[in-house]
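According to Swiss-Prot, the protein carries these features:
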type	residues	note
BINDING	Y35, Y168, Q172	L-tyrosine binding site
MOTIF	40-49	motif ''HIGH' region'
MOTIF	228-232	motif ''KMSKS' region'
BINDING	K231	ATP binding site
DOMAIN	342-407	domain 'S4 RNA-binding'
Amino acid sequence: MSSVFETLKERGYIAQLTHEEKIKELLEKEKITFYIGFDPTADSLHVGHFLQMMVMAHMQKAGHRPIALIGGGTAMVGDPTGRTDMRKMMTREEIKHNADCFKKQLSKFIEFGEGKAIMVDNADWLLDLNYIEFLRDIGVHFSVNRMLTAECFKSRLERGLSFIEFNYMLMQSYDFLKLYKEYGCIMQLGGDDQWSNILGGIDLIRRKEGKEVYGMTFTLLTTSEGKKMGKTEKGALWLDANKTSPYEFYQYWRNIHDADVIKCLKLLTFVPMEEIEEYAKLKDQEINIAKKRLAFEVTKLIHGEEEALNAQKTAEALFEKGASTDNMPTTEVASGELSNGINIIDLLLKTKLIPSKGEGRRLIEQGGISVNDVRVEGFDRLVTMDDFNNGELIIKKGKKTYHRVKLV
């Protein structure tokens, strides 16, 4: 059985390491505590966090203890990494709510509890810091000249970097020191854009404690063209079903570029490498087999097997010839009726899915009506020709009632 280090390397997670041979030895022979930071600026994790969650899962399965650090304190300041502007400040209540949402989502990948994964919030120690003591004990170890060469600051210098954001590296470094002293945490993991901040923490612990600790960054999730993955027309691809439906989530992965399928199977699923190597041999239309497997596996990880199966069935019913739409109740609509669009409530009445307009409004208010598995958000939703795939669309009422609308 290969070590977790070999697994991470073989599947393509690792971007940079501070001490490759030592880290390899540690992960193979010892059980370590490591941490990954999460920025609580939204009430859901998104695809950008997916890869980090997979790394935590691989590490915990190998016997290592994860710490999920919620940046409640640093979120009140703002990480300049990858940003060209300053962001709004958050309240403690907002941060607490978001952290609770994160823990629920992370629990699908790692196990929390006694002797297992833990979640901490750096607001618990950062908000109580004495500024003079912090400058004297921590700030003294940082060279401004060296900090200014870090990638995370370079892009902001011309546009302007506030002093409050300039402190971010010091605070993240202090987090590592705090977790080292309190939990024996000896490794920080993060996206490759966090490399400078990770090195800052390693250097601080070496200077303050005289101890060697380690850092590892992983590949950022990008397409073969170098663009960030997880962006849709509606914005980020969220892991919360209320923000991105399981069907939309499934379809995103089902429709990714051929060149990205194998990479995503390695990084975002637990499909064994031997199987992935077989998928890599597929050509042309056969690649769709690998895409379906990818879409199913990632949706199962985030939303559970039942939702993944539902999304798969809906996609097949909508887009694959000879699929089960033939057996659905069907209403035929003349294309002329759609020249200016047809109101969703009028269409529901036409299909006899509702007895009255009032019932239609009630269902829409409760989120109970979907068109092609995308929830209808307002009473004024117009159904147009653009909603039809191969001359048909599917309306879903509640969880189990499907109805086909067919163009004639």
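Every residue gets a Cβ built from N, Cα and C, even glycine.
Among the residues Y35, Y168, Q172 said to bind L-tyrosine, no two Cα atoms are farther apart than 17 Å. Counted over every protein chain shown, other Cβ atoms within 10 Å are most numerous around Y35 among the binding-site residues Y35, Y168. Distant neighbours of the motif ''HIGH' region' (40-49): 70-72, 75, 87, 90, 94-95, 97-99, 101-102, 105-106, 191, 221, 228-230, 236-240, 243; these residues of the same chain sit at least 6 beyond its ends, with a Cβ under 8 Å from one of its Cβ atoms. Helix, strand and coil content of the domain 'S4 RNA-binding' (342-407), in residues and according to DSSP, is 20 helix, 23 strand, 23 coil. Residue counts for the motif ''HIGH' region' (40-49) under DSSP, helix first, then strand, then coil, are 3 helix, 1 strand, 6 coil. Under DSSP, Y35 (L-tyrosine binding site) is assigned to a strand (E or B) in the three-state scheme.
Mean pLDDT of the predicted structure over the motif ''HIGH' region' (40-49): 90.
Other Cβ atoms within 10 Å of the Cβ of Q172 (L-tyrosine binding site) number 26 in total over all chains.
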